[in-house]
Structures are given as C-alpha cells and as structure tokens.
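Look at Swiss-Prot and you will find GLY8, LEU9, SER10, GLY11, ALA12, GLY13, LYS14, THR15 tagged as ATP binding site. Residues or ranges marked as GTP binding site in Swiss-Prot (evidence: sequence analysis): ASP59, ILE60, ARG61, GLY62.
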Amino acid sequence: MRFVIVTGLSGAGKTQATRSLEDLGYFCVDNLPPKLINKFAELCSQGDGKIDKVALVIDIRGGVFFDDLFETLNYLKENEFKYEILFLDASDEVLIKRFKESRRSHPLSPDGRVLNGIIQERSKLREIKDRADIIIDTSKYAIRDLREKMNEHYGDNIESEKQLSITVLSFGFKYGIPVDSDLVFDVRFIPNPFYIPELKQYSGNDKSVKDYVLKQEETITFVEKLQDMLEYLVPNYIKEGKRQLIISIGCTGGRHRSVAIANEIYERLNKGNYKAKIEHRDVGEDLHRGEKKL
C-alpha cells in the first residue's frame, strides 16, 4: 500500500494536489487529526488490498492537533509502517498574491497581514518540511504543471493514453445535443439510409447500414479528417491533464449515420491504443415515435 501524507503552506496547492491524487485513484482524507492516523493506517493495512493508495491531507488548520503529528509519525516508523510525506511550498510573494486574488485571509492571521501568517506558518512547518520525502515548489506552476508533477511522482506509470477516458456518443439532433459534449460533429451532410426502403428499418449497428454509410465518399473523407484531428487533439488534451473526453456525433434521428460513424471512430481510437467507450443515445428513439407518453 502507498500511504502519502500531504502537507505544506496554505495557498501552495494542497487542494489541487489532492484532486490530482484522487484522479490517480488515491483514497483521500482531508485534515484527519494526527492522533487518528495510527488507527486509520491499521484499518487500511487490514483491508485485504481493497485500499492500496491512500493520501492524508494535514495542515495548520488542525491547530493543536497538528502538534501531535510528529508523535504519530514516530509511532508509524517504529511499527515499520511505510509512509511518505509530500510538502507543497511556494515563495512568499506568490502566496501573498494568491491570497489577495482569492480574497481569503491567512488561517494564522485572520485579522492581520497575510505575510505575518505566512511567516508563522513557515516556522511551525519547518520540522515537517525537513522530514518530507518530496518537496514541490509551486511558485511558477499552473494547475496543469502541478498535475503533471503529481502524475510523475504518484502515477502508476501506465501509458498516458490510458488515463484519458474517451466516450464516442451518437445522437439525434431532433432530441437535442448532449449537454456534456466536449466535441460535437454534425454528419447530416452524408447521404441518409432512412430514404433507402430496404435500410430504413435498420440502424447503424447493422452491417447493411454500416456498409452503405461508410462507403460514401463524404464519409470516407470526413472520417479520415476527423481521425487526423483526434490524433492531434488527444495528446494535447492529455498534456493539459484532461481526464474525460466526450465526442458526440449527430445526425437527424441518431439511428443511422451517426451510429455507423461513431462505431467507426470508436474502433479506430481503440486500435490507436486509447481507452474508448461507445454509446448510442438515440438509436431506439424513432421506434417509439407515435407512442403515447405517460
């Protein structure tokens, strides 16, 4: 089990670091009193591997409880319980700027100057910083920079492509564009199988409709261009730290063209070693047209 204690200066990025750890599959607990860490660690270690990555956020907001941290760490060490400490730091100038931008007061100086609170906090955290296994200075970091750094230290070293969940979603414009779409493509310019009597009753999941749609010159050109676009976009989304991408492909009713093309894009993404899923939101809607609604 990997057991990470996250601490550091207020405003240095502990919240963002914790979100990154959650994205990496860590079970995160915020501001657990240090005296409870021993019991929590024992429970985690007895969990039959159900919890194998844990992160505890400990900061100065714990007040007097924070003073118990060193006693707890010594206890864990004596009992050969492996843990690591991550310390988030930043320059005084950057911390002051962040507090001013957020219009928050410093927890150690709620009615006074932010700088006074920072000075006090540095003094109180000096010993825990000296014990830290990893110190990350976020002074020059944007959120994505910190995310990349967290992945570097705490990721599972799986291919970055596998860390972006891609959903290819077919839909019908008559039923509305999916509200959670990241990318939306309109394929209503492609010849419609709906007007072919022998194909009308089938969907884009059926071979006859799929073959008809994919052999169209417009489809061939569109799919190639879309694949080129995704080969450019996906690595950049991963670099940015995006965790989920929803690609919505729509036709009129969401039954023929969008389904066939969504399936084709889904297959190409998986061949390209990406983690993709396929959903057809409206493929059965036209079957229920004319039915009375409750």
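Yeah, the Cβs are placed from backbone N, Cα and C, and that goes for glycine too.
Mapped onto this structure are the features recorded in Swiss-Prot.
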| residue | record | Cβ contacts under 8 Å, 6 or more apart |
| --- | --- | --- |
| GLY8 | ATP binding site | LYS14, ASP59, LEU86, PHE87, LEU88, ASP89, LEU125, LYS129 |
| LEU9 | ATP binding site | LEU88, ASP89, ALA90, LEU95, ILE118, GLU121, ARG122, LEU125 |
| SER10 | ATP binding site | ASP59, ILE60, LEU95, HIS106, PRO107, LEU108, GLY117, ILE118, GLU121 |
| GLY11 | ATP binding site | ALA90, LEU95, ARG98, PHE99, SER102, HIS106 |
| ALA12 | ATP binding site | LEU88, ASP89, ALA90, LEU95, THR138 |
| GLY13 | ATP binding site | LEU88, ALA90, ILE136, THR138, TYR141, LEU146 |
| THR15 | ATP binding site | none |
Give the sequence-ordered set of same-chain residues, not counting GLY8, LEU9, SER10, GLY11, ALA12, GLY13, LYS14, THR15, with Cβ within 8 Å of the centre of the Cβ atoms defining the ATP site.
ALA17, ASP59, LEU88, ALA90, THR138
